[in-house]
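*Asks:* Quick paste of what Swiss-Prot says about this protein:
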- Cys604, Cys607, Cys628, Cys631: Zn(2+) 1 binding site (BINDING)
- Cys620, Cys623, Cys651, Cys654: Zn(2+) 2 binding site (BINDING)
- Cys721, Cys724, Cys745, Cys748: Zn(2+) 3 binding site (BINDING)
- Cys737, Cys740, Cys767, Cys770: Zn(2+) 4 binding site (BINDING)
- 416-788: region 'Required for localization in the lipid droplets' (REGION)
- 598-659: zinc finger (ZN_FING)
- 715-775: zinc finger (ZN_FING)
Amino acid sequence: MSAQTSPAEKGLNPGLMCQESYACSGTDEAIFECDECCSLQCLRCEEELHRQERLRNHERIRLKPGHVPYCDLCKGLSGHLPGVRQRAIVRCQTCKINLCLECQKRTHSGGNKRRHPVTVYNVSNLQESLEAEEMDEETKRKKMTEKVVSFLLVDENEEIQVTNEEDFIRKLDCKPDQHLKVASIFGNTGDGKSHTLNHTFFYGREVFKTSPTQESCTVGVWAAYDPVHKVAVIDTEGLLGATVNLSQRTRLLLKVLAISDLVIYRTHADRLHNDLFKFLGDASEAYLKHYTKELKATTARCGLDVPLSTLGPAVIIFHETVHTQLLGSDHPSEVPEKLIQDRFRKLGRFPEAFSSIHYKGTRTYNPPTDFSGLRRALEQLLENNTTRSPRHPGVIFKALKALSDRFSGEIPDDQMAHSSFFPDEYFTCSSLCLSCGVGCKNSMNHGKEGVPHEAKSRCRYSHQYDNRVYTCKACYEGGEEVSVVPKTSASTDSPWMGLAKYAWSGYVIECPNCGVVYRSRQYWFGNQDPVDTVVRTEIVHVWPGTDGFLKDNNNAAQRLLDGMNFMAQSVSELSLGPTKAVTSWLTDQIAPAYWRPNSQILSCNKCATSFKDNDTKHHCRACGEGFCDSCSSKTRPVPERGWGPAPVRVCDNCYEARNVQLAVTEAQVDDEGGTLIARKVGEAVQNTLGAVVTAIDIPLGLVKDAARPAYWVPDHEILHCHNCRKEFSIKLSKHHCRACGQGFCDECSHDRRAVPSRGWDHPVRVCFNCNKKPAWTSLSVMTGKGPLC
């Protein structure tokens, strides 16, 4: 801490002498002040004293011109806060303490202490010094805000415009470990919200855009970082503006309010309107009802080390008038905050979510507006960490991201309530039961967390949706509710044995706890209805996107077809290699001489697509090269190659050059005549067999359609894969997911698992999405007792 005193430092405080006299006689000029030694010290005394081990860590400061120390007796009352501790006016030479005027009167006004010698400090020099320091501090603050710029945080469609935490911190231009608070502003459009923020936080610089035109210059939510107060300042779009998507933009305001520590409501009206109180009251109610729970969930889900207080932000109502008096001016005995609470109570609004509500008014006789009172009130609230403590910018971004993910999406106009600024429709799920029309009571996007739809009332039965669910009666009487479905066979039966039992004794109802509780044809006669004996019926809601409940899960016919297809496919796959080899060899033997052999054709001659083992290679009758089906789908006569006047397959290039005749000699035609005859005979046989196969495929398709389970999408309605959107063709086969019934390609549905809720107790084909879900989701969706399917 010690250093050599420069000649310039000598004479700065000629009236302040060393108060220690430890290494000097007390005649040396004081250079340092030690707050813990409670004395002014010269250079030598400061060095000698603080060489001692117990005094080494004392906090010392170098004196400035006109320095006056703090009162030592005030130190214990208010700590080290400047502006609270009083400056000393004298120093008692006997007690060796500095005293302010009040402490001197209290401790040295009577007794022997009245005679203690004192040294008087020059307070007039102190005042000039403090004013100079204040001016220097103001200049420093203005310089700190010179490079501050605002950025669009959320647009008018509730889309966050920063990609991640790092991008948010980079645009704020603050350190990642910087602790900061959030201050936002609300109010009607045109009341000067952006102008207020510019003058309150940024000394009049236009950080947030302002405009004298009628159009609103603030669209969406903009943010900037105030390095002086260490606060993220957020500017919002005005209320009562001529905008589209009004409901979504109003909901966006509450998201900003939820992440704020301090809220300014700016009003330029001569009298406080009811809209102000309704907005704050409705915002408080919606905050407690919808956002408190989500903020708690965000804390747990994101592992945030700083708790997001369930108590909302502090509110300052900044009221600027021109022609009328400020609130409370005609009632000096009542504070404005008391009058504010009375207005809330009269309107039936109770702003319980806010930690405090303050009123700060200013009357502007002549512009510009005085923002000094608002600035002082803001600084006091920002220093108060009792309710909301500063946090890292990453925590702020996570909270905003969580609220945006949860409360997003369009708000239907027919569901919107106009009696409140923040109706429940802004935050609750918009799904309606298809049977009874009751809405879901959960928050928006609850399906992302696996939470099913729920309603406040019970549903009614609809024959159209058959919204019944069977539960095991024995388990229900034992205190457990277990859903069951009719199906072809029991889970303990093998596929073929299950089909045999189904043919003999009908469908079964199986409970996971009780086993098989019912068979439809267990006896020759006298079989009772399961509802009367082993199951109970429950009527459940029908939510959009969910399948039926007691739809026919008897899949015996489809299981039989699957078994036959499996055997046929196994034989086909085993014989595919030898069959293709023999076919290629036989084709080469009867091919014309100018055709390229199949063994040399590895890819399409035009599009260069590589041929797989089961792909068909086509020869152009004009040039003889190998092509895929799409590059050789055109036909035209090729008489120059001996194919006569009938149209035959040619590639796209030869079709476009059909007017150019190939120069072939008569000798070539004669040489190719024999092979052409053999090839024509081979094609005639192939076409005949193809027609027979097509004739067989038509009734086979009818059989498959008849065997299709009720929840499967019909084949003729499936045009492309439900997952990758590839269009189905001759080469791309359709496959049904046994869980959801949608159509998929083989790549998107190659997983295998049991689907007991659909009657498939053994591993069967399912799509990627259904394979990720728990095994019991299909039924839990119906009853509302599990995650969303």
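We count from 1, first residue shown onward.
Yeah, the Cβs are placed from backbone N, Cα and C, and that goes for glycine too.
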*Asks:* Tell me the residue counts in helix, strand and coil for the zinc finger (715-775), as DSSP assigns them.
*Replies:* 11 helix, 18 strand, 32 coil
*Asks:* Starting from the Cβ centroid of Cys620, Cys623, Cys651, Cys654, the recorded Zn(2+) 2 site, name every other residue in that chain with its Cβ within 8 Å, sequence order please.
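*Replies:* These residues sit around the Zn(2+) 2 site: Arg621, Ala622, Gly624, Glu625, Phe627, Ser632, Val650, Asp652, Asn653, Tyr655.
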*Asks:* Which residue counts does DSSP give the zinc finger (598-659) for helix, strand and coil?
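*Replies:* Tallied per class, the zinc finger (598-659) gives 14 helix, 14 strand, 34 coil.
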*Asks:* Can you give me the residues near the recorded Zn(2+) 1 site, meaning same chain, not Cys604, Cys607, Cys628, Cys631 themselves, Cβ no more than 8 Å from the center of the site's Cβ atoms?
*Replies:* Ser603, Asn605, Lys606, Ala608, Thr609, Phe627, Asp629, Ser630, Ser632
*Asks:* Which one of these binding-site residues, Cys631, Cys724, has the sparsest Cβ neighbourhood, judged by other Cβ atoms within 10 angstroms?
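*Replies:* Output over binding-site residues Cys631, Cys724: least Cβ neighbours within 10 Å is Cys724.
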*Asks:* For the recorded Zn(2+) 4 site, enumerate neighbouring residues of the same chain (Cβ within 8 Å of the Cβ centroid of Cys737, Cys740, Cys767, Cys770, site residues themselves excluded), in sequence order.
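*Replies:* Not counting the recorded site residues, we get His722, Arg738, Ala739, Gly741, Gln742, Phe744, Ser749, Val766, Phe768, Asn769, Asn771.
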*Asks:* Please report the Cα separation of Cys654 (Zn(2+) 2 binding site) and Cys770 (Zn(2+) 4 binding site) in Å, rounded to an integer.
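*Replies:* So the Cα of Cys770 (Zn(2+) 4 binding site) lies 48 Å away from that of Cys654 (Zn(2+) 2 binding site).
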*Asks:* Nearest to Cys631 (Zn(2+) 1 binding site) by Cα, among Cys620, Cys651, Cys737, Cys740 (binding-site residues)?
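*Replies:* Spatially nearest to Cys631 (Zn(2+) 1 binding site) by Cα position is Cys651.
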*Asks:* Using Cβ atoms only, which residues of the same chain lie under 8 Å from Cys604 (Zn(2+) 1 binding site) while being at least 6 residues apart in sequence?
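*Replies:* The answer is Phe611, Gly626, Phe627, Cys628, Cys631.
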*Asks:* Report, in whole Å, the straight Cα-to-Cα distance of Cys620 (Zn(2+) 2 binding site) from Cys607 (Zn(2+) 1 binding site).
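*Replies:* Cα of Cys607 (Zn(2+) 1 binding site) to Cα of Cys620 (Zn(2+) 2 binding site) measures 14 Å after rounding.
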*Asks:* Taking only the residues in the region 'Required for localization in the lipid droplets' (416-788), give me the average pLDDT of this model.
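*Replies:* Across the residues of the region 'Required for localization in the lipid droplets' (416-788) the model's pLDDT averages 72 on the 0 to 100 scale.
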*Asks:* What count of other C-beta atoms do you get within 10 angstroms of the C-beta of Cys767 (Zn(2+) 4 binding site), across all chains shown?
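*Replies:* Cβ-Cβ neighbours of Cys767 (Zn(2+) 4 binding site) within 10 Å number 25.
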*Asks:* In Å, rounded, how far does the Cα of Cys767 (Zn(2+) 4 binding site) sit from the Cα of Cys748 (Zn(2+) 3 binding site)?
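*Replies:* Given the Cα positions, Cys767 (Zn(2+) 4 binding site) is 6 Å from Cys748 (Zn(2+) 3 binding site).
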*Asks:* Could you state the CA-to-CA distance between Cys748 (Zn(2+) 3 binding site) and Cys623 (Zn(2+) 2 binding site) to the nearest Å?
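*Replies:* Here the two Cα atoms are 39 Å apart.
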*Asks:* Determine the Cβ neighbour count for Cys628 (Zn(2+) 1 binding site): the number of other Cβ atoms within 10 Å of its Cβ.
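*Replies:* Its Cβ has 22 other Cβ atoms within 10 Å.
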*Asks:* For Cys737 (Zn(2+) 4 binding site), which residues in the same chain are close in space, meaning a Cβ under 8 Å from its Cβ, but six or more apart along the sequence?
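*Replies:* Set apart from Cys737 (Zn(2+) 4 binding site) by at least 6 residues yet with Cβ under 8 Å, we have His722, Gly743, Phe744, Ser749, Arg765, Val766, Cys767, Cys770.
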